[in-house]
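Per Swiss-Prot, these features apply:
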{"type": "BINDING", "residues": "60, 62, 75, 78", "note": "Zn(2+) 1 binding site"}
{"type": "BINDING", "residues": "449, 451, 453", "note": "Mg(2+) binding site"}
{"type": "BINDING", "residues": "796, 871, 878, 881", "note": "Zn(2+) 2 binding site"}
């Protein structure tokens, strides 16, 4: 068997009849499967042991040879080879057909390959193949044309008229004759000439035909192989037949389909031997053709063949297609051994790198390790008795288990795994009970809660896998979120509430007492002299003088209070206690700790202390937070929800105003639309007033207020609904109902108010489930389009980059600073201080936060950085163009699968995006798509709803109106002008006399990215897509780094469309990879020919995924049969560069530690090294 790691590429093509016979171990002649009495396979049937191998290991059919010593002998009685039974998964058979039949993929696919190469319409071809018409194969010297169709009557007439002077036939035989006669080289030449000379539909048709002809020419496939003479029979264990209890059999649908083919084939042979009348033979041939069609792709033509209960049978094509097909079910995702799942509960006592594993589960997962150790330690004599000990759970087993799991990490995974933080490694700690315990701080990454969530455990087995889990995947090493580089293990909920309560001061500002040392203050607190929240003054100590300042010991000394050492500070007892658990480098934070501050602390810790210490630091804050959340006794009682006193007054005022508006409307002073808008505005304002009085009246130590202000749970709008008023509600279509809900939940709603608010609730629930599905599908497409983007080299040497400029509004306020766009990126050129002339950042140096600050301080408004959009690496990107790896904060390593990370970073927050489409109200009823559908629209490069008109050249605008139609004319400086007519109801964004640039929007709406590509070129459309996607995410408060979106945009713009092939081998109208296009042109120019001309194309992510070089990746994505048909005809070779292809064939992925450059590193465990060392000493 060929080792999977030793081949570089995999090729697919058409199989010739000889090839199929070569694969086969014998012909299946009978439709029988197994004998109903003996339950052994019938000879020459679909499960025949002589063809496919024995059903039991080392045993022939008749039982003459049993046992392994007869290995390889072929039994002289029954003809079965004595070998392993698993050959029944590998050996194929074949069926010799009495008449050739066509392969439905090549005849029925769109476009029909057979029809194109013969230049016959698919409908005419269908008539011939299914015996409804004759086709002339050789007109001889008659006036008939080759490939002319004749009806039954016409055929008879011409036969009587011309006798045997012409040849005509029907069915696949006739088509085969035509296919064998084709001269591909000559056809290719004629078609190339035709493409150059004709235009319109004929040109398109010729181009399509040329593509198919070229495919056959280059691949070495023969066109007549599209007609089958022999049919391969797949191995029986891949279409099994199993006995159910009750003596009935369950069988794979393929057996039924094969059986029909064999029955019809045998009947046809018999009829031919008998010399039956032509009409009967013809009918039988047609039925054979239909049976083979059903076997290959049931339901592609006509009604599908159904089994019991009217269920269509699953054909060979269905076995590959869809989520349950071979690709997605068995090749891309397999079930694995050494895994288990259980409910999760919180483990607040755990360290960040630990998880609690139930004893029983651990024993089962680590069984082989435990058994080996039991034998090695002499507790058991052999593996069998060790196994018995484990099964009986003897006491010594538990001690051995403790030893085995020490230092052996396990992987925990929670479905759905939306990003790479959904699988992390932990050191197991054995716990009683049957629930897995997880650390509270990793819940954010897993998006886990404890309302019954389950998680799966996997055990990495090999030394390499363990090393990877420990070094790369340990939870304590995954502190930053790859999507934005922010810490993902920030303490929240109870921990945050505890820290907030602890650091919250009393409203009075005078210090209650003064202390000479923190310990003294602590003593006073413990003796009840001061409270946690009292303002006090404390003098903080300094680290001992004998320690060298800024040395490791100096920093680690508990008396080092950093910024406040040796000073007297006004603070609270609680804040002092909080700072005590902080590392000296982070002190002293004299603030009330809420969500933002907590994030800042973790961020500072990561930058100043590194990974390991940050993990320790978060654990300390976690413990402190839990302790004081408990101590605070913060609960919600109904008395904590206080309704503001002047609510009634505000409502009365609002009602008065609404009455006034209604009166104005009845008098005809305002339109209904204005009345509606006014009423909505009045109630919104009333609600805001209630909210602001509510905020003023709430006390600092009110638990509801503490939860909200700390950011632990709830927001101001929820509290307004509890204690203020619920306000306006939307109806099912999203329109706001002008009747507000005046009550709050504390007072209780009336029946009508309750009913009004149910609309919104239902919409919310429906939206959530729809959103989850859509978001998952979007992620799948993103992963597919970018899965082969891997960091392949250090520097691609490009001279291009993208320039970010600070954006300011007309008053000089900065709308968009450049800092977020340039941090973590590599500078293209030296960045020089405009006044002093010193170089702040050298070319090819990464810009970190400090350098970005310096750039900002120097007043530099424009920076050019390296970007993946301009990267010149062929099958991926280079380190310099990608910049910082956000999960580590350092420059990305070669081998990082940045495409997948980008897809996850965009897809994971997708569930948070809304589904709603906004209503602008009034006449302009064009909904502006927002939220998730907008992201999808952008990535799929669709024509947007509510499309804006864009300027096609730079120039001055003039707006004219005639007969109620508005027109915008743009006149450029050289006198050229373009006029656009504005559709009714569109809102114009420009004024007469204004100067616009090409690509600017003239009316409101979304721009069609294809138009933008035409007008502004690559750079313009890249900018636009990046901006628009960011806009949607920013609206929801989701922060995603530019580089992730850039990777997607780069993949969408990888192809060019050939306009004129010149002297190249490229096909006109074909899509080619930019790099292949450049190579081909370079080759032609070197030979002195005319290069090809092409224009860049923007493909949606689905199209781009299917247009990849890898047919395995494309076939496993969507439209499996179409992709495989195309690949087979072209004889495509898959270079196995991406991740999916390698997973499918079972190789290590070419990313991370699976890259070629890391292949020859071998890992040793300490014991191995120690043993070798001892051996060396003995020698």
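Each residue, glycine too, has its Cβ placed from N, Cα and C.
In the three-state DSSP assignment, the secondary structure recorded for residue 881 (Zn(2+) 2 binding site) is helix. Cα to Cα, residue 78 (Zn(2+) 1 binding site) and residue 453 (Mg(2+) binding site) are separated by 57 Å. All protein chains considered, the CB of residue 75 (Zn(2+) 1 binding site) has 20 other CB atoms within 10 Å. Looking at residue 62 (Zn(2+) 1 binding site) and residue 449 (Mg(2+) binding site), their Cα atoms lie 61 Å from each other. Each of the binding-site residues 60, 62, 78, 871 was assessed for Cβ neighbours inside 10 Å, and the highest tally belongs to 871. Put simply, of the binding-site residues 60, 75, 449, 451, the one whose Cα is nearest the Cα of residue 878 (Zn(2+) 2 binding site) is 449. Contacts of residue 881 (Zn(2+) 2 binding site) defined by a Cβ separation under 8 A and a same-chain sequence distance of 6+ are given as 796, 798, 826, 866, 867, 868, 870, 871, 873, in order along the sequence. The Cβ of residue 449 (Mg(2+) binding site) lies under 8 Å from the Cβ of 443, each of which sits 6+ residues away along the same chain.
In this structure, of the binding-site residues 451, 453, the smallest number of CB atoms within 10 A of the CB marks 451. In this structure, 796 is the one among the binding-site residues 796, 878 with the smallest number of other Cβ atoms inside 10 Å of its Cβ. Across the structure, residue 75 (Zn(2+) 1 binding site) and residue 451 (Mg(2+) binding site) are spaced 63 Å apart at their Cα atoms.
Listed in sequence order, the residues 344, 448, 450, 452 complete the 8 Å Cβ shell around the Mg(2+) site centroid, once 449, 451, 453 themselves are left out. Shown in sequence order, 793, 795, 798, 866, 868, 870, 872, 873, 877, 879, 880, 882 are the same-chain residues outside 796, 871, 878, 881 whose Cβ sits within 8 Å of the Cβ centre of the Zn(2+) 2 site.
Reported as a whole number, the C-alpha separation between residue 451 (Mg(2+) binding site) and residue 60 (Zn(2+) 1 binding site) equals 57 Å. Each residue contributes its Cα atom, and for residue 453 (Mg(2+) binding site) and residue 60 (Zn(2+) 1 binding site) those atoms are 52 Å apart. Apart from the site residues 60, 62, 75, 78, the chain places the Cβ of 49, 61, 63, 64, 65, 76, 77, 79, 80 no farther than 8 Å from the centroid of the site's Cβ atoms, the recorded Zn(2+) 1 location.
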